[in-house]
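Input: a single structure, listed below in structure tokens.
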């Protein structure tokens, strides 16, 4: 006698289950927008549904265990499709995920689904996560920045202007003593911070403990001479979590105010763990985004940096590198302005002109300082102040240490240029348009600035941006 049929076995099209164009997203849903280039001959609705399925509940065939759960509740839903301006191959797919799919406070769990195996799925030729809407209920379960912008300003007693920093160069090869000397010269010249570069860990030429001690000596000497709070981002990145904590504890023990982590190479869970430690121990946390361009630069495959910025705000950093627009590194101006808003503001409205697809409510979560770093010098100062505003960190590496008169002179030139631009802005002047006049006037009483302007007057990085906003192709 044949057994009664309990379910329909076999393979069926994803769109039968995961394409719901009538679905109205809930406030509690995670929303994602993917840029999809489907395989030839695969309909858009099928590709969108396949991404929704593979990033939520589905496997490649119907399984009887679907009957043991509420598949209708737990599945991801592709609910809308849009054309990508200027790209006939690609389209946007909007997908909603129910709150029950994810562990509270675990960014790792959320993105293991959203950008996990689905990115190797054969049904699509390329796939890019362009934006996500993090529901407020999930935001409130995440730690966020250890301290945030306002607490950091109070700790440093610095207000009304961007903070000024410098990455020590050469990034590799200096002894700890010479490295500390470079830190001291920069700080006494007028900078607020100096910084380890991302790949300065504990190499044979300079072990981490020696570097920390010489840098802290430089900080204390510069503070005593200038009367200002100073700091150096001591990179605690290491091969194990135990080693990271060991370095962080030592930095705290010697009295440094801020440490640094390379959050993509050490991982999100490690960064969130260190962020919690920083909050508990009163340490500021500077976050470097080394490796981000591997993930976000290809305009058709990967993860847009605005998503990485949201992730970092959730897991918790006080500073995050954001690009410069005007320097040597990739950065579309409109997109960068959108990233800055997402790092700092409590509520960000959807704005396609800045690449922001969804409203984002951060509740009471503190904001992060966006960090402009990479190929910038005094001539860029008017644009940087205009783009980034006061709540930012402007870091000039070669643009400080490359000064013909040395580090202290380079730091002095940048500090004078910064204060001249802030003063002009506060007086209502259009500082980007009048930048040359503002800097030239300031240089009359600052020979260090005059020499810096002469040194870098011809230096430009005129390369086209690879990852442009799609709206610019219209």
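Using the three backbone atoms N, Cα and C, a Cβ is placed for every residue, glycine included.
What you see is a predicted model, and the numbers here were worked out from it, not measured in a lab.
Positions annotated as active site, proton acceptor by Swiss-Prot, on the basis of sequence analysis: 169 (among others). Residue 169 (active site, proton acceptor) has a Cβ environment of 17 other Cβ atoms inside 10 Å.
Feature annotation from Swiss-Prot assigns active site, proton acceptor to 288 (among others); the stated evidence is sequence analysis. Listed in sequence order, 198, 235, 260, 261, 262, 263, 321 are the same-chain residues at least 6 apart in sequence whose CB falls under 8 Å from the CB of residue 288 (active site, proton acceptor).
Residues or ranges marked as substrate binding site by Swiss-Prot: 117, 167, 171, 289, 321, 373. Cβ neighbours within 10 Å of residue 289 (substrate binding site), excluding its own Cβ and spanning all shown chains: 24. According to DSSP, residue 289 (substrate binding site) is assigned to coil rather than to any helix or strand.
According to DSSP, residue 195 (Mg(2+) binding site) is assigned to a strand segment. Annotated Mg(2+) binding site per Swiss-Prot: 195, 197, 198, in sequence order.
All protein chains shown were included, and the count of other CB atoms within 10 Å of the CB of residue 195 (Mg(2+) binding site) stands at 29. For 195, the entry in Swiss-Prot reads N6-carboxylysine.
The feature site 'Transition state stabilizer' is assigned by Swiss-Prot to 328.
Looking only at the binding-site residues 171, 321, the densest Cβ neighbourhood within 10 Å occurs at 321. Within 8 A of the CB centroid of the Mg(2+) site residues 195, 197, 198, the other residues of that chain are 167, 168, 171, 196, 199, 200, 233, 235, 260, 288. In the three-state DSSP assignment, the secondary structure recorded for residue 117 (substrate binding site) is helix. Closest by Cα distance to residue 289 (substrate binding site), from the recorded positions 169, 195, 197, is 197.
A separation of roughly 36 Å, to the nearest angstrom, links the Cα atoms of residue 195 (Mg(2+) binding site) and residue 117 (substrate binding site).
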